[in-house]
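> My structure is below; once you've seen it, I'll send some questions.
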Amino acid sequence: VDGEQLEAAHQALREAVADCQRAGKRTLVLGGGHETAFGHGAGVLDAFPGEKVGIINLDAHLDLRFADCASSGTPFRQLALECDAQQRGFHYTCIGVSRAANTQALWDEAARRQVAIVEDLEVLTAFETRVLPELERNIAQFDRLYLTIDLDVLPAREMPAVSAPAALGVPLGTLLRIVEPLCRSGKLQAVDLVEFNPLFDIDGQGARAAARVAWQIAHWWR
């Protein structure tokens, strides 16, 4: 796709992902912005029309924004509308959400859509009682899982290479504790890593962190 034709890019990614998934493959998509998640997620939904797909987003932001044009803030609202159009459930879990980085309208939409949320503070202070049960629920309840990781969920000190670095965030070691059981579940069908921006990186620090996450996913994925 040439230029800034986001809808065409979404459709091209959607078709490529659906083709791969129908061929028995899994998909790992790298960047750019979180708008990538709509094309990737829609392709997974298209490939498994009769199955329950759980969407797990590791992110400081809910990305359920109302907007006339698609952007990195709209992908999960777009996926919710896609699920509505396909007359299927929208099963969305967001882990690492910053209470300070989302408007009340986004919290209201999340409540209306019955989004399962684990805030960043809960990840840091109640991992065993809030995060692990949510992961276990997703693994038990859904036929397929789609994991999307916005790198701005990491603290700014570990991931400077994003447009909205997190003041608090979920540390890399903790993030990997979330990722590992999903990778080993046998249900993880698709993963993406998004929002890395090399223009904001410091001495390659963010690139190395992102590469380690990608390596661990490939290493653990069953």
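Placement of Cβ uses the backbone N, Cα and C atoms for every residue, glycine included.
Sharing the features that Swiss-Prot gives for it:
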BINDING   H34, D59, D63, D150  Mn(2+) 1 binding site
BINDING   D59, H61, D150, D152  Mn(2+) 2 binding site
> Given the Mn(2+) 2 site residues D59, H61, D150, D152, which other residues of that chain have a Cβ within 8 Å of the mean position of their Cβ atoms, reported in sequence order?
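Near the Mn(2+) 2 site, the remaining chain residues are H34, N57, L58, A60, D63, G96, L151, V153, A164, E195.
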> So if I draw a 10 Å sphere around the Cβ of D59 (Mn(2+) 1 binding site), how many other Cβ atoms end up inside it?
28
> C-alpha of D59 (Mn(2+) 1 binding site) to C-alpha of D152 (Mn(2+) 2 binding site): distance in Å?
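Each residue's Cα considered, D59 (Mn(2+) 1 binding site) and D152 (Mn(2+) 2 binding site) end up 7 Å apart.
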> Around the C-beta of D63 (Mn(2+) 1 binding site), how many further C-beta atoms are within 10 angstroms, looking at every protein chain?
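Step by step: centre on the Cβ of D63 (Mn(2+) 1 binding site), count other Cβ atoms within 10 Å, giving 27.
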> Reduce the DSSP letter at D152 (Mn(2+) 2 binding site) to three states and note it down.
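DSSP assigns D152 (Mn(2+) 2 binding site) to helix.
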> Can you count the other CB atoms that lie within 10 A of the CB of D152 (Mn(2+) 2 binding site)?
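A 10 Å sphere around the Cβ of D152 (Mn(2+) 2 binding site) contains 28 other Cβ atoms.
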> For D63 (Mn(2+) 1 binding site), name the DSSP secondary structure in the helix/strand/coil scheme.
coil
